[in-house]
Amino acid sequence: MKSSRGVLRPAIVCLLLMTALCGVLYTAAVTGIAGIFFPQKANGSIITVTLKDGSRKEYGSALIAQEFSDPKYLIGRPLGTSNLSPTSAEQKKLVEKRIEWWHNLDPDNKREIPSDLVTASASGVDPGISPDAAAYQAGRIARERGMTEDEVKEIIDKYTIRSFLGIFGEPAVNVLKVNLALDGLL
Amino acid sequence: MSKIILQEVLFLILLVGFSIPLGLFMYKVMSGEKVFLTRLLKPVENCFYRLMGIKAEEEMSAKKYAFSVIIFSMAGFLFLFLLLLLQGILPFNTEGMKGLSFDLAFNTTASFVTNTNWQAYSGESSLSYLSQFLGLTVQNFVSAGVGIAVLFALIRGFIIKEKKAIGNFWADVTRAVVYILLPLSLVVAVLLVSQGVVQNFSSYKEITALQDGAAQILPMGPAASQVAIKQLGTNGGGFFGMNSAYPFENPTSFSNLLQMLSILLIPAALLVSFGKAVKDKRQGRTLYAVMMILFVAALIFTTVSEQYTAPSYAGVSYSGNMEGKETIHGVGMSSLWAVVTTAASNGSVNAMHDSLTPLGGLMPLFLMQLGEIVFGGAGSGLYGILSFVLLAVFIAGLMVGRTPEYLGKKVEPYDMKMVCLLILVPPLVSLLGTGAAVLMPSVQGWLTNSGAHGFSEILYAFSSMGNNNGSAFGGFTANTPFTNITGGVIMLLARFIPLIAVIFLGGNMAGKKPVAASEGTLSTSNGMFAGLLIGVILIVTALSFLPALALGPVADYFTTR
């Protein structure tokens, strides 16, 4: 068929050219620019610490949460994603269990628990918690570590990320960075 | 709440502000006029034409245009399908990913070729880097390019006089990709990397966690380049399984804002291009206003629901529904994203839609079921709403007993048949898919939630595929042979039947003699028409979906309150 031949060549050539341009060249260009200008960010925002003996150690990504449960650390949001309806019975049970867990961890803390500490995030690895959620834990961390609450709060404040222009999004405390600083590594 | 309102209002102002210059730019590009990038990119464009062996000024009939779209899409389908099946023996596979199963490869290919980007797989555990950048990234570009091309074919139908030709598909798709999608993506991708979106070809990184020294694997890859076009092309398929909720894909509140703007930018700008192309800016503005009204209504509904209807617990301070949301995005930016991504046929997420409140989740579902016409997909959103415009004009014509006309062209039975195909195919395949899934004996095992919310998971999945959106209630287990095959077929039908109908509609319109507007002509650029159009859109969708919505999110709301 004449008309199909008239279409087949441009179709195949167009696909190949698009693959070369948008698949190969474009990806390579972005990778190149990223590698030159933002090498640390392009490679996962890995936190590298120079230890006292001069060696360098990688402690994880500033963007991906690690699990903390020890009371001397700032503790982040529950890991994993639930996909549960917030109004379901299963979710209610889970949240109540988490509330009890927080109360057992620090029985004297009678303040209200910020809601992000008892709900799972979207990514399942949310690196941040709200400033309220960090402040809620400051007293306990200070007590466990023999620091003053102000010292803990100072570290928390230092690793709080403000929202864009103070308008878009919410501020968040980077849990891993705070804990590295508490351990004297950052 | 006042901060959330401020965020949302500023977002809309930014969107409108960027869409106007881009819209004028896109109009020029698509009509082959000179723009500031011409000097740089004209050689690339000409090289494309030479190698394809085509002449850009050689116009096509609707039949030839449609045939070209089909053959081009089939070529893309075949290439991607083979790539996914064979990725195990191909290079750029640092993690040793095996080839996808037949049904998953079929579903994924259909999904990306149709600009749906439904994901039954999780990128970091199933796909090689080669499949991502050589396969998916490319389809992200060209499927959006095809949408824009076909839209302009339709627009030409309204402005061309008595000539059965609607432009050259190869020139249209080349221009859309080379001048519009590619430069924008490059800028957005670099900005995303500056925020922390990963872009490399390293193998996955193993890290020892601070507290227990447990091993943690960090996935890597060329994500930023793909994320940029996934948003700009209203594709939505994530590089990683958790999509733009995953910090490596959307790390900061700036990257979040940038991605949301990118999602709506091109569909909004096309309204400006449209007004310019038909030489009547009010026509574009009216449609912009209609979309904006529907958008704002949906936004208010979702935001209020997320902020005020979450359950409260003794001993916990109430701050709206934070289940399935990231701290940096909060209730405000997560609600906005949920509306943005389903108003446009994008489907990327920054929060888990399954964990939205029942009514908060109703609205994204409803926006998809409208047929992706509130801004909608790149190109497809505008041609979608134009079909509703013709329906509204037609209904108004019936009421007064005059032959309906739009932009100086008479709307006749042939045109209305095309409009019916455009409007009715997506709801039909969405509901048939949902119905078929509900009848499967194993369906309970695919759900995370039970009861009405479980039904919502199924309805959402098939509405998403049936309207080429791609977002999901994540609790639904998508990777089953049934859903892969049925869903793949649904996505193809929902994309290509309307697409072909649009091309033939454009071809038929092009052949008509323009009629001069008289006193009896219905104005399609005033408030009354905007109201009529909104009415028609809501009635058609309500008639199609209200029963299903009543069984899903509405029942969910009343039974779990």
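Residue numbers in this text run from 1 along the chain shown.
Heads up, the Cβ atoms here are built off N, Cα and C, so glycines get one too.
Positions annotated as transmembrane segment by TrEMBL: B:6-27, B:65-90, B:133-155, B:176-198, B:257-274, B:286-304, B:373-398, B:419-440, B:485-507, B:528-551.
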Which residues of the same chain, at least 6 past either end of the transmembrane segment (B:419-440), have a Cβ under 8 Å from a Cβ in it?
369, 371-372, 383-384, 387-388, 390-391, 394, 455, 458-459, 461-463, 465-468, 482-483, 486-487, 490, 493-494, 497-498, 501-502, 505, 540-541, 544-545, 548
Decide whether the stretches the transmembrane segment (B:65-90) and the transmembrane segment (B:485-507) have at least 3 CB pairs under 8 angstroms, with pairs required to be 6 or more apart in sequence.
yes
Any contact between the transmembrane segment (B:373-398) and the transmembrane segment (B:6-27), i.e. 3 or more CB pairs below 8 Å with pairs at least 6 residues apart?
no
Of B:133-155, B:286-304, B:528-551, whichever stretch has the most CB pairs under 8 A to the transmembrane segment (B:6-27):
B:286-304
Select the range from B:133-155, B:257-274, B:485-507, B:528-551 that forms the most Cβ-Cβ pairs under 8 Å with the transmembrane segment (B:286-304).
B:528-551
Tell me if the transmembrane segment (B:485-507) touches the transmembrane segment (B:257-274). I count contact as 3 or more CB pairs below 8 A, with pairs 6 or more residues apart.
no
If we skip the immediate neighbours and take only residues 6+ beyond the ends of the transmembrane segment (B:528-551), which ones have a Cβ under 8 Å from one of its Cβ atoms?
286, 289-290, 293-294, 362, 365-366, 369-371, 373, 385, 388-389, 391-392, 395-396, 423, 427, 431, 434, 452, 455, 459, 463, 522
Are there residues at least six beyond either end of the transmembrane segment (B:485-507) with Cβ under 8 Å to its Cβ atoms? List them, or say none.
61-63, 65-66, 69-70, 73, 103, 106-107, 109-111, 113-116, 118, 120, 146, 150-151, 153-158, 164, 166, 380, 383-384, 387, 415, 418-419, 421-422, 425-426, 429-430, 432-433, 436-437, 461-462, 465-468, 478
